[in-house]
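In Swiss-Prot this protein carries:
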| type | residues | note |
| --- | --- | --- |
| BINDING | 88, 89, 90, 229, 230 | substrate binding site |
| BINDING | 90, 91, 258, 259 | NADPH binding site |
| ACT_SITE | 190 | active site, thioimide intermediate |
| ACT_SITE | 197 | active site, proton donor |
């Protein structure tokens, strides 16, 4: 259980509660969650963050009516800056997008601007939105995380409670390496509903070599951990930085979609350009 799971800031969320679905535009459906909820326990404040990054959302179920009443569909690409006061709660995002379904908009650009304006207001930070027609994306190959996969290790695991201390003494020697490690075994649970969240994670670093067995045990220990996607990625980044002290570090997770949305947070303290193609499970 996270230390803030019962925080009063979460009381008003529609997540985990029975809700009515509206199909006429309503920006008030969007709900934010303060990033400080998980950053404060990690000792992170807005003026001392050890990373930059973004939360990348893909919107697969976005539809509205044009000025003649003809339905339009698009796939949306949203990037929410790491400095925003709030992250966007995903169920509220889904409900908000549903409210576009029977609403008329004059142009695609009006839809894009509306999304960007409302998300910025909810997040209290920078947000960019792009809309793609289906023919722009059809035929694109399934992407994959570049790097060495650490999943096929012949080890026994019987602890699935979050254990940051697995990373203690995970580096040894003075030789510096630069490598990219990948795992598809990341699984955590929604902070509120405890429903499973499945993801793949890519870790790029330069520094003393990280023990792959200890890293895998650490990642698997998220299996019963309750936090939002964005919070898990920041926790992983912070733990790796604290225990392994790499010179450079980038952590990027791509989660499977739920409710027509997928969330793909990344955090880095160096130059890093995240690949945005969907993975096999997305």
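Cβ coordinates come from backbone N, Cα and C, glycine included.
Swiss-Prot feature annotations superimposed on the structure.
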{"residue": "88", "record": "substrate binding site", "DSSP class": "strand"}
{"residue": "190", "record": "active site, thioimide intermediate", "DSSP class": "coil"}
{"residue": "197", "record": "active site, proton donor", "DSSP class": "strand"}
{"residue": "229", "record": "substrate binding site", "DSSP class": "helix"}
{"residue": "258", "record": "NADPH binding site", "DSSP class": "strand"}
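Taking the mean position of the Cβ atoms of 88, 89, 90, 229, 230 as the substrate site, the remaining residues of that chain whose Cβ falls within 8 Å of it are 33, 55, 87, 93, 228, 263. Across the fold, the C-alpha of residue 88 (substrate binding site) and the C-alpha of residue 197 (active site, proton donor) stand 16 Å from each other. Neighbour counts were taken as the number of other C-beta atoms within 10 angstroms of each residue's C-beta; across the binding-site residues 91, 229, 258, the minimum falls on 258. The two recorded residues residue 259 (NADPH binding site) and residue 90 (substrate binding site) have their Cα atoms spaced 8 Å from each other. Within 10 Å of residue 197 (active site, proton donor), judged by CA to CA distance, lie the following recorded positions from the set 91, 190, 229, 258: 190, 229, 258. Across the residues annotated as binding NADPH (90, 91, 258, 259), the two Cα atoms farthest apart lie 9 Å from each other.
Per Cα geometry, 190 is the residue among the recorded positions 91, 190, 258 nearest to residue 229 (substrate binding site). Closest to residue 230 (substrate binding site) by Cα-Cα distance, out of the recorded positions 91, 190, 258, is 190.
Only 90, of the recorded positions 89, 90, 190, have a C-alpha within 10 angstroms of the C-alpha of residue 258 (NADPH binding site).
For the recorded positions given as 190, 197, 230, 259, the lowest number of other CB atoms within 10 Å of the residue's CB is seen at 259.
Of the residues the record lists as binding substrate, namely 88, 89, 90, 229, 230, the two whose Cα atoms sit farthest apart are 11 Å from each other.
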